[in-house]
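A quick write-up on the structure given underneath.
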Amino acid sequence: MVGSYVLWLALASCILTLASPEQQGNRNLINTRSYDPCQNYTLLDEPSRSTENTEGSQVCDKDKHGWYRFVGDGGVRMPETCVPMYRCQTDAPLWLNGTHPTLAEGIVNRTACAHWSGNCCLWKTVVQVKACPGEFHVYRLEGTPKCSLRYCTDASTATDKCKNLCRPEEACSFLNGTWDCFCRSDLNSSDVHSLQPRLNCGAKEIQVSLDKCQLGGLGFGDEVIAYLRDWNCSNMMQREERNWISVTSPTQARACGNILERNGTHAIYKNTLSLANEFIIRDTILNINFQCAYPLDMKVSLQTALHPIVSSLNISVDGEGEFTVRMALFQDQSYISPYEGAAAVLAVESMLYVGAILEKGDTSRFNLLLRNCYATPTKDKTDPVKYFIIRNSCPNQYDSTIHVEENGVSSESRFSVQMFMFAGNYDLVFLHCEIHLCDSLNEQCQPCCSRSQQRSEIVALNPARVLDLGPITRRSSASVDITDGTPSTAGFLLAWPMLLLPILLAELF
């Protein structure tokens, strides 16, 4: 019995000893199966790994150990074909020599090859790959056999390469650490008509924009020398989005060589943009003629006139910014032909047209209102001798020649009056208008006029809001000093039409 018991213990010990390694292996298998690399990985969001990246650098992945997932603009999978040297921001790029597994295949071993010295697989290393739910792959990396080697990502697998749709002259490429539309390098053209400039005729500036890619196809480099008729307006090329470059010039006569032409309906600015590859010009340069036509209105006519008789006033409104008002004398009811020069000379019985415009400020909210407009025989706006044309926002109803076309309803005000002169030794007339910026949201801007209202209300002028124009004289008058408007010793022997009426009404107003 003792011998049998000893034999049984020995057998049991042997069985236990043999069973222990098997049980340990089962435990390891259970731990391995419980670890899913699809849920335990490190993200590599490095667009510079893209196979399209040609930036020179010597980045090395010798420190990459573990499971990784590639994401971002550089691509989400390793390339399966040989990658040219010096791509992926390294010397010898690593690519996957084999296909990616499917979900059913689980974890597979693949060979990663490094391209160097003309050999697509000069160095090798084993990489484990697994396909994961959600259509992505994870890779178990074990560093690199040498430096500088780096694991690449296939640019064609990038989820969001170029956000904008590239034009035919562009290609979606990875450059400077990002995907974008860049000019194609294979563009080549000798047809200058293929260059289609864009012209923007603005109120304050004229802008000519050119397609940088089309310029490249015509042989122009990155640095283009551009200048207008006036050489002082050179080196004004500005880079814009989507591979466009532009040149701007002020919307002014003679600025940057602008040539101004006017017909009965439009003001036309003409200029020429010249392009060259170098500052020292030996080859034929490219000339681009352009012009902008602006329909004539009060504002444009003042901008295009060389020496208009005009007055300007800047007004600051609390919380609303700064406003600019201009007032000028015009020759007819179209208000597009301002008087120019040192003085306005009118024929007997002719009409004088006065226009004012709110040029700068919130014209969608504020209307221009002429509160008081009056004439004086001197340029002094406080001269006690005044003849009111507009009083308390309403026209002088005792003067039938006064016609207010617009006042308080928009950013413009216009009125006309038949020319007159003051009795006595005065040769000149000066006009003065007190303005008000009327808030159309909170005020009644359009005047409501009556004859009794004009008589009863007293005029309280604000000199800080008064615009001054002049001098004005009649065509047949003797030569006068137009600088200060002082009385002339000669005076007038002949009275103008409407002379006596303003004198009598001056006592009433």
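Just so it is clear, glycine is given a Cβ too, placed from its N, Cα and C backbone atoms.
Taken from Swiss-Prot as is:
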SIGNAL    1-21  signal peptide
DISULFID  Cys38-Cys132  disulfide bond
CARBOHYD  Asn40  N-linked glycosylation site
DISULFID  Cys60-Cys147  disulfide bond
DISULFID  Cys82-Cys120  disulfide bond
DISULFID  Cys88-Cys152  disulfide bond
CARBOHYD  Asn97  N-linked glycosylation site
CARBOHYD  Asn109  N-linked glycosylation site
DISULFID  Cys113-Cys121  disulfide bond
DOMAIN    158-202  domain 'EGF-like'
DISULFID  Cys162-Cys172  disulfide bond
CARBOHYD  Asn176  N-linked glycosylation site
DISULFID  Cys183-Cys213  disulfide bond
CARBOHYD  Asn188  N-linked glycosylation site
DOMAIN    200-456  domain 'ZP'
DISULFID  Cys201-Cys292  disulfide bond
CARBOHYD  Asn232  N-linked glycosylation site
DISULFID  Cys233-Cys256  disulfide bond
CARBOHYD  Asn263  N-linked glycosylation site
CARBOHYD  Asn314  N-linked glycosylation site
REGION    318-329  region 'Internal hydrophobic patch (IHP)'
DISULFID  Cys373-Cys433  disulfide bond
DISULFID  Cys394-Cys449  disulfide bond
DISULFID  Cys438-Cys445  disulfide bond
REGION    463-471  region 'External hydrophobic patch (EHP)'
LIPID     Asp484  GPI-anchor amidated aspartate
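Annotated features taken from Swiss-Prot, shown on the structure.
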{"residue": "Cys38", "record": "disulfide bond", "DSSP class": "coil"}
{"residue": "Cys82", "record": "disulfide bond", "DSSP class": "coil"}
{"residue": "Asn97", "record": "N-linked glycosylation site", "DSSP class": "strand"}
{"residue": "Cys113", "record": "disulfide bond", "DSSP class": "strand"}
{"residue": "Cys121", "record": "disulfide bond", "DSSP class": "strand"}
{"residue": "Cys172", "record": "disulfide bond", "DSSP class": "strand"}
{"residue": "Cys213", "record": "disulfide bond", "DSSP class": "helix"}
{"residue": "Cys373", "record": "disulfide bond", "DSSP class": "strand"}
{"residue": "Cys394", "record": "disulfide bond", "DSSP class": "strand"}
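In the three-state DSSP assignment, the secondary structure recorded for Cys183 (disulfide bond) is strand. Long-range C-beta contacts of Asn109 (N-linked glycosylation site), restricted to its own chain and to partners at least six residues apart, with a cutoff below 8 Å, comprise Val126, Val127, Gln128, Val129.
Around Cys233 (disulfide bond), the same-chain residues at least 6 positions away in sequence with a Cβ under 8 Å from its Cβ are Tyr227, Ser249, Ala255, Cys256, Gly257. In space, Cys152 is the closest of the recorded positions Cys88, Cys152, Asn176, Asn232 to Cys121 (disulfide bond), judged by Cα positions.
Per DSSP, the region 'External hydrophobic patch (EHP)' (463-471) is made up of 3 helix, 6 strand, 0 coil.
When secondary structure is read from DSSP and collapsed to three states, Cys438 (disulfide bond) falls in the strand class. Listed in sequence order, the disulfide-bonded residues near Asn97 (N-linked glycosylation site) (C-alpha within 10 Å of its C-alpha) are Cys82, Cys113, out of Cys82, Cys88, Cys113, Cys201, Cys373, Cys394. Restricting the disulfide-bonded residues Cys113, Cys373, Cys433, Cys449 to those with a CA within 10 Å of the CA of Cys183 (disulfide bond) leaves an empty set.
In sequence order, Cys172, Trp179, Asp180, Cys181 constitute the residues six or more apart from Cys162 (disulfide bond) in its chain with CB-CB distances below 8 Å. If you measure from the Cα atom of Asn40 (N-linked glycosylation site) to that of Cys132 (disulfide bond), you get 11 Å. Neighbour counts were taken at the CB atom with a 10 A radius for the disulfide-bonded residues Cys113, Cys373, Cys445, Cys449; the maximum falls on Cys373.
Ranked by Cα separation from Cys120 (disulfide bond), the recorded positions Cys213, Asn314, Cys438, Cys449 are led by Cys213.
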